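Enquirer: Take this structure, written in structure tokens, and hold onto it; I'll ask about it next.
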């Protein structure tokens, strides 16, 4: 894989940033914040199960909610490619239109089919998040990636937090109805759509829009350095036709890296379970504590607390300094076992507050490992390969999540109710914890065996080729914003 030393002497420099890049970044972050203001989102499940819509728990659990996993899997790859090919802005417009469709269906839809379409559009909005995550990197030079990624991510998290707090205050203090929250959310989504119309459409993107360096000074991609010889930017059409094949060949040569393989597997298996919990936990809350008094529904406050604590744990994870080539498996095993215990608590308790606390801790423990996984995967990859690896990992996690949904939740499968589902998820995370623990014991024994003959001069990691250096500027921030 190419390094800085492999850079051709006549390689064009990175393009100078737009003279108004600060204003553009601020506007994009403002859009990211406003696009998250959906105070009714935390209360969709009690709204569907309440008197206003009056769907049954079986309909919501086994017919409506599973569509989200199916639609997300179907649209993920096309939107991933269209985001780059269309240069971000059209996909952001599509995301806003899908959000508007969600709230229109929630307000005016009256049957299961309408709610299934609502979940389909929700899958589109989830897949389209990659457009916002990667858009900001087209506005600045690589030296500013880290800071810009933190700005864009912080604006999204702040938007989610404010949205959840606003929804909870409207219910508990203002005494509004779920329908009113839906209208408020629809208004904010219409405003976000207006904001997207004024976004600047970039002239270049990561894969399919590499501009000619003779015209604007754009540097070739990292993929163009994989095979020395004729520069890839001299034949744009050939580069575009071969890019996926070249990337897959490059991935085949580095897939043996232990840390890349370990954290990719964590991303696939743990993310699948994590999002299944997020999809169905609101139904569990309603099953534990069903109330007709909207003031006593605290979904918004719980989501706000979990978002805030998740942001804090993500920040703390950046300062954890241990020997990851040795302790990664053990760290994952401990966190996964902790999550399994929380799922057991949530599925067995009859106290809604204990269930709330379990959910908050579950989300924050997952968010603690996310930035670590991002760095471990992305630290040895180029920008293009980093985006591809995270795209593949997300797609495989979505496929796994869909398979579990078909078997466990869908009415054509076992059609389990929400409590038995959480017992299954508890068993799933317990199995993962056991596997990670066994892997950690194996790594510890292998490390001791490798270490004994090498007592004299200390050498670099013999058992893992991944060198953990925080100084690598390999666009870790791109993957961080996608996460």
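Note: Cβ is positioned from N, Cα and C throughout, glycine not excepted.
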Enquirer: Transmembrane segment per TrEMBL: which of the ranges 360-378, 455-473 is that?
Expert: 360-378
Enquirer: Between 20-39, 40-59, 160-179, 180-199, I'd like to know which one TrEMBL lists as transmembrane segment.
Expert: 180-199
Enquirer: Are there three or more C-beta pairs under 8 angstroms joining the transmembrane segment (360-378) and the transmembrane segment (297-320), sequence spacing 6 or more?
Expert: yes
Enquirer: Taking pairs 6 or more apart in sequence, does the count of Cβ pairs under 8 Å between the transmembrane segment (92-114) and the transmembrane segment (265-285) hit 3 or more?
Expert: no
Enquirer: Which of 67-85, 120-142, 332-354, 360-378, 385-408 shares the most C-beta pairs under 8 angstroms with the transmembrane segment (423-444)?
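Expert: By Cβ pairs under 8 Å, 332-354 leads among 67-85, 120-142, 332-354, 360-378, 385-408.
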Enquirer: Report, as numbers and ranges, which residues of the same chain sit near the transmembrane segment (332-354): CB under 8 Å and 6 or more residues beyond its ends.
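Expert: Same-chain contacts beyond the flanks: 262, 266, 270, 277, 281, 284-285, 288-289, 361-362, 365-366, 368-369, 419, 422-423, 425-426, 429-430, 432-433, 436-437, 439-440.
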